[in-house]
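*Asks:* Below, the features straight out of Swiss-Prot:
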- Gly34, Pro35, Asn36, Gly37, Ala38, Gly39, Lys40, Ser41: ATP binding site (BINDING)
- 2-238: domain 'ABC transporter' (DOMAIN)
Amino acid sequence: MISAQNLVYSLQGRRLTDNVSLTFPGGEIVAILGPNGAGKSTLLRQLTGYLQPDSGECRLFNKPLNEWSITELAKHRAVMRQNSHMAFPFSVQEVIQMGRHPHRTGNQDNETAQIMALCDCQALANRDYRQLSGGEQQRVQLARLLVQLWEPTPSPKWLFLDEPTSALDIHHQQHLFRLLRQLVHERQFNVCCVLHDLNLAARYADRIVLMQKGKVIANGKPQDVLTQQELTMLYGADITVLEDPANHSPLIVLDH
C-alpha cells in the first residue's frame, strides 16, 4: 500500500500540491489525470520519494519514504520519468541492465531476454540508446524498470510511470497497457501513471485521480469520475462522453 497524507509543495509562491491525501491499496492500475500544470508529475515525484514535500508525508507499506534506504526502496518501486536522456553512448542492452544496480547479482540471460521480448526491445539490443526514437526509448526504459523489479522478493512491487505513452504509436500503447495488466494480475505489480490520454485511462485504469491546481478533485472508478460535467469543468473543452460498447467504459469524444 502507498499513502499520502496532507502533501503540500510550493515553488515560487505557487502550490503544486495543495493538501493532497490519497491511499492506493494496490492490485490496480491508477491513472493521474489533469490539465497542464495541475501538479500530476509533482505528486508522482513525491509518491516515489524523489521530491520531499514542504509538509505532509508519503508512506510505503506504512513506513515513511524518508526512512527507507535508497537500495531497499529501489527493490520495491521503479520510476519512469518524462525525460530519460543519456549523455554517453550506452547500448540498449547496457541501459536495460542498469536496472540491476540495486541488486548484488546480474540477471540470468534468459530473464533479460524475456523482459526485452515483453517490451519489444530485442531488435534494439545493440543500438546506441541516444540514437533511438522517443517511443523506442520509452520501451527501453520500461524494460529497465522491469529488470529492476523482476526478483520475486520483496513483493509486491510498484511501477510509477510519468506519461509513458507520450511517444508511443497506437500499437505500442495497447501493448504497454496489456502488459501492465498482465503484471498486475500475475506478478503482484501495482501501477501508478500520469497520462494525458483520457480514453487510454478510461479503457485500462482501475482507478482515476483527477487533479486541478494542485488539488485532487476526484478519485474513483473511471465511470464515476470521467463524467461529461466533470471533464468539461476541468478542461474547458467541448466534449461528449459516451459509453464504449465493448467494455462499458467512458468514451470521450471532442465535439466539432
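Glycine is no exception: its Cβ is also placed from the backbone N, Cα and C atoms.
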*Asks:* Can you list the residues of the same chain, besides Gly34, Pro35, Asn36, Gly37, Ala38, Gly39, Lys40, Ser41, whose Cβ falls within 8 Å of the ATP site's Cβ centroid?
*Replies:* Met211, Gln212
*Asks:* Sequence gap of 6 or more, Cβ distance under 8 Å: name the residues on the same chain that satisfy this around Ser41 (ATP binding site), in order along the sequence.
*Replies:* Gln82, Asp162, Val194
*Asks:* What kind of secondary structure is Ser41 (ATP binding site) part of, going by DSSP in three states?
*Replies:* helix
*Asks:* In this predicted model, what is the average pLDDT of the domain 'ABC transporter' (2-238)?
*Replies:* 94
*Asks:* Same-chain residues six or more away whose CB lies under 8 A from the CB of Gly39 (ATP binding site)?
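*Replies:* In sequence order, Leu16, Thr17, Asp18, Val20, Met211, Lys213, Gly214, Lys215 meet the Cβ cut-off.
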